[in-house]
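*Asks:* These came from Swiss-Prot, pasted as-is:
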type	residues	note
SIGNAL	1-23	signal peptide
MOD_RES	GLN24	pyrrolidone carboxylic acid
CARBOHYD	ASN48	N-linked glycosylation site
CARBOHYD	ASN120	N-linked glycosylation site
Amino acid sequence: MKYTSYILAFQLCIVLGSLGCYCQDPYVREAENLKKYFNAGDPDVADNGTLFLDILRNWKEESDRKIMQSQIVSFYFKLFKNFKDDQRIQKSVETIKEDINVKFFNSNKKKRDDFEKLTNYSVTDSNVQRKAVHELIQVMAELSPAAKIGKRKRSQMFRGRRASQ
């Protein structure tokens, strides 16, 4: 009886161990492929610290982290765009972009498309510059948390008056 339990436990360990190998996120395998392609496993890559990891560790609040993550995701999209025609890493790039879509954009295609549109604007294009400056005051107002709170208080105040009338 005891031996049967040990055998079943051993088989369970083997099954769970093998599932760990096969259930690994596809992006990990593809990221390893990109590491080989870019020689990112070489020791000199660690010189002068990390690009992104220290920055992410510095920010604990979710909203702050999202800001930093959006810049990092933007960087990766630009990096991948530079190598979109390289057939040797095409599958890896597409797999990782799809995983970013799921993790960062919650599979929301509209959110991803708008994000990519923002990252593709050229700051050297005079028409883009003119439009950006034209919209600057409204964008700054949207950035201000005080403006949002004031709007919310006014709308709650009006709702309260309507309910009491």
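Just so you know, glycine gets a Cβ as well, placed from its N, Cα and C.
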*Asks:* What's the CA to CA span in angstrom from ASN120 (N-linked glycosylation site) over to ASN48 (N-linked glycosylation site)?
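*Replies:* So the alpha carbons of ASN120 (N-linked glycosylation site) and ASN48 (N-linked glycosylation site) sit roughly 29 Å from each other.
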*Asks:* Around ASN48 (N-linked glycosylation site), how many other C-beta atoms are within 10 angstroms of its C-beta?
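*Replies:* Result for ASN48 (N-linked glycosylation site): 7 neighbouring Cβ atoms inside 10 Å.
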